[in-house]
Amino acid sequence: MTGDADEGRDVVRRDRFSGGPARGFLSSLAADERIFEADLAVDRAHVVMLDEQDIIGTDDAAAILGALDDVEAAGHGSLTDGEDVHAAIETAVIERVGDRGGKMHTARSRNDEVAACIRYRLREDVLAAVEATLEAREMLLDVAGDHTETVMPGFTHLQPAQPTTVAHYLHSYASALARDTERLLDAYGRINRSPLGAAAFAGTPFDIDRERTAELLGFDGVVRNSMDAASARDFLVETTAAAAGLATTLSGLAEDLVVFSKAGYVELDDAYASTSSIMPQKKNPDTMELVRATAGDTAAGLNALLTILKGLPRAYNRDLQRAHPHAFEALDAVTEATEVAAGAVATADWKEPALSEAAGEGFSTATGVADLLAMEGVPFRTAHELVARAAEAGGDYAALSAAAEDILGGPLSEHVDKAAVEAALDPESSVASRDSLGGPAPESMAAALSAAGQRLDADAEALRERRGALATAADERERVVSSYDSTAPE
C-alpha cells in the first residue's frame, strides 16, 4: 500500500513510530490518492490564514506555498514516505524548505485536516452524482414526451393490473430520480461545512480564523463545535444512504427493462446488450443486470459504514480511516450506473404493437368497468363483485351482462350504457379516462411532464449555483496564493 516499511522517516510519527511490521497496515497513502488535490487545497488555505493572522511569517508562508506547488507538480506518486497523504505531503514540504515547512501544521491536527479533505472531495463527487441524475431525468422525460399515447400494460405483483402509457411509466421513474436528486443536494448542504480549526478536537489557543479558511475552500460555513467537527462522519452516512437510495431506484428500472425485454415490449440498443460466448442468437441485457447489482454494492457499503461508526466513542478513532472509502465507492458505482441506465432508456426501442396488444391482457380494464358502474350509482363494492364474477367468465360484455343479472337482479343496460361499457373495456379509452392529477391520460401527462421539466430546471440551477460558488472560491484561493510568488525567498 505504501513505500518500503523499513525505510523513510515520517515527520509525524518520528523514528520511534515510523517503522515496524504494522506500518503498512496503518498506511492509507495509496488509497489517499483520491484526496491528494483536496489536501493541497486545504494546506494552501490553512497557510494563507496562518500568515494573515500573523501566526507565521509571510516569508515562511511563501516558502511553504512554493513547496506545495512542487509537490503538486510531482504528483501523488512521488510521495514515498508517510502513513497517509497528509503526513507524506508535510514530509515532502519539509524536505524542500527545511524546518520552516514544519510551520505548515501549526494550529492544526490531522483530525480536522482529514475531515476537511474528505468533505472537500466528497462534495465534488456528490455534485457529479447529481449531474448524472439530472441527465437521466432529462432523458426519461424526453422519451416520455414521445409516448404519451403509447398504451402499455401496468403491473402489480408482476401480474397485468391496469393499462397505462409508456410516458406514465417513465415519468414515475423520473419522479423517483427527482427525489434522489433532492436527497443528494440535501446531503451536500451538510457536507459543505468546514471542520478546520477544530485541531485534535478541543480547538487551539492560536488566534485562527476558521471562517477565512472555510471561505477560501468554498465551504458554506463551519462545523461550530470542535469535537463534533473532528469526529463527525454522519455526512458520510447520509451521502451513502442517498447513493443507496438512488441505486435502488435504478435497480427497479433495470429489472423492469430486463423483464420487458424478455416479453418483447422493448429492445435495448446493441450498445447496452451483449451476446453469449456459445449461443450466437442471444442478446442479453447485461448492462441492466449490472445496474441492478449496484443496489447491492451500495447497500453493502452503507451497512459497512454504519457498522464501523456504531459505538465509536468521541472524539477521534482510527476506525474512521475505513469509513470514507465506502461513501466514495458508493458514489462512483451509482454515478456510473445512472449514466448507463439513462443511456439505455434513451436508445431503447419501445415496441408499440406488442405493448398495445398486451395492454388489455388479463382483463386489465376491470377496474375501469367497476369505476364506471360506481359512477352510475352502483356501490363500488357491489360493482367490484360484479366485475370479479365477469372476470371468471372471460371479462367481455357478455360476461358482464350475465354477472349483472345475478348480482344486480336485472340487465346491465339498466345501469350503464353499453357503449360506455365497451369504451371502458378498451385499453386506450380506459387510459384516456384516467385524467385525475398524476394519471396516465395524455392531458394529465402533458401537465405532469411540464411540471417535471420545471423541477429539473430548478435542480439544474441549484447544481450550477453550487459549482459556481466552488469555482469562485477556487479562483480567490488561487489569486491569494499567487500573490505570494513575488514574496517567495530566493
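Keep in mind that glycine also has a Cβ here, set from the backbone N, Cα and C atoms.
From a predicted model like this one, the values you see are computed outputs, not experimental measurements.
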Of 139-160, 315-336, 469-490, which range does Swiss-Prot call region 'Disordered'? 469-490
Among 264-290, 345-371, 426-452, find the range that Swiss-Prot records as region 'Disordered'. 426-452
Intrachain residues whose Cβ lies under 8 Å of the region 'Disordered' (426-452), provided they are six or more past its termini: 137, 141, 144-145, 148-149, 151, 162-165, 167-168, 171, 174-175, 178, 356, 359-360, 364-365, 368
Work out, from DSSP, the number of helix, strand and coil residues along the compositional bias 'Basic and acidic residues' (469-480). 12 helix, 0 strand, 0 coil
